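What Swiss-Prot says about this one:
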BINDING   29-57, ARG98, ASN137  NAD(+) binding site
BINDING   ARG105, ASN137, ARG168, THR247  substrate binding site
ACT_SITE  HIS192  active site, proton acceptor
Amino acid sequence: MSTKEKLISHVMKEEPVGSRSKVTVVGVGMVGMASAISILLKDLCDELAMVDVMEDKLKGEVMDLQHGSLFLKTKIVGDKDYSVTANSKVVVVTAGARQQEGESRLNLVQRNVNIFKFIIPNIVKYSPNCILMVVSNPVDILTYVAWKLSGFPRHRVIGSGTNLDSARFRHLIGEKLHLHPSSCHAWIVGEHGDSSVPVWSGVNVAGVSLQGLNPQMGTEGDGENWKAIHKEVVDGAYEVIKLKGYTSWAIGMSVADLVESIIKNMHKVHPVSTLVQGMHGVKDEVFLSVPCVLGNSGLTDVIHMTLKAEEEKQLQKSAETLWGVQKELTL
């Protein structure tokens, strides 16, 4: 008799039970690992699967996390074979070529499209009913690519979009007003990146419109120079990359925030990347961030934002820029 047999006596034979809230993270780079740890520490799933083509790095990261199993409630698995991801509820894609210092997000594009041609069909094969969340940059274009390659309905393919930009925006407004970001309501929509659109008309604290108090807010003629805050949001990622080589923690927390809304069926509104054709005068098949409701079925609703003419024009310009790149892609 083995030690195990001496210690434990069986009462019944267990039938294998599938995971009820499995999440997969594709890519164990800085963003993938920050997303993984954020998801684990928020206790969002009963199983976390990780995949990557770099086998040693993957093995090391999985082992390192498994060594902390005592402090977690989640089963952690990893393999370069996508069968490990089978029956995931949410699949988070962070894999891709990393943005170099000074490189625009749009520049990355074709490099990452080629990587997606391998990843997406594998996800679809093993988790045909999952909600696909794209984080890799340029996120809006790659969400479109993932949607096209997966054949999924649009409500099951979302991009992390401007969820992080809006968080940065709210943090910086909070710094200026000496308030917690959760009390500063503000939205950034459009492209995640250089042509994102701050909705100054909607910025409020406790329902008090800041533009109502300062009609010049967000314009060139504003003596308080609020416009600089949006510039800081846009430059924020480049600044972090310049200082530490990559961004990870904030985007990881942002991903976990989105995963939580889906897994817990929260019906919470987030600015995430979705198909905006036909909204705000956008004519082309592009994905941009607008406020969306996230729940168990994915992206269930879109909120109709009241945008000023100037804001709408910026959004359309974003869409044109993205379409210009998209139509050149070989899918």
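Note that Cβ sites are derived from N, Cα and C of the backbone, with glycine treated the same way.
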ILE37 (NAD(+) binding site): secondary structure state under DSSP, collapsed to three categories: helix
Helix, strand or coil at LYS57 (NAD(+) binding site) [DSSP, three-state]: helix
Greatest C-beta neighbour count within 10 angstroms, which of the recorded positions LYS57, ARG168, HIS192: HIS192
Protein Cβ atoms within 10 Å of MET33 (NAD(+) binding site), excluding its own: 20
Of the recorded positions listed as ASN137, ARG168, HIS192, THR247, the one whose CA lies nearest the CA of ILE37 (NAD(+) binding site): THR247
Proximal residue to ASN137 (substrate binding site) among recorded positions MET33, CYS45, HIS192 (C-alpha distance): HIS192
Among ILE37, LEU41, CYS45, ALA49, VAL53, which are binding-site residues, the residue with the most C-beta atoms within 10 angstroms of its C-beta: ALA49
Three-state secondary structure, which DSSP defines for GLY29 (NAD(+) binding site): coil
Rounded distance in angstrom between the Cα atoms of LYS57 (NAD(+) binding site) and THR247 (substrate binding site): 19
Spatial separation of GLY29 (NAD(+) binding site) from THR247 (substrate binding site) - C-alpha basis, Å: 11
Which listed residue (ASN137, THR247) has most other Cβ within 10 Å, given these are binding-site residues: ASN137
Surrounding CB atoms that lie within 10 Å of the CB of GLY29 (NAD(+) binding site), all protein chains: 19
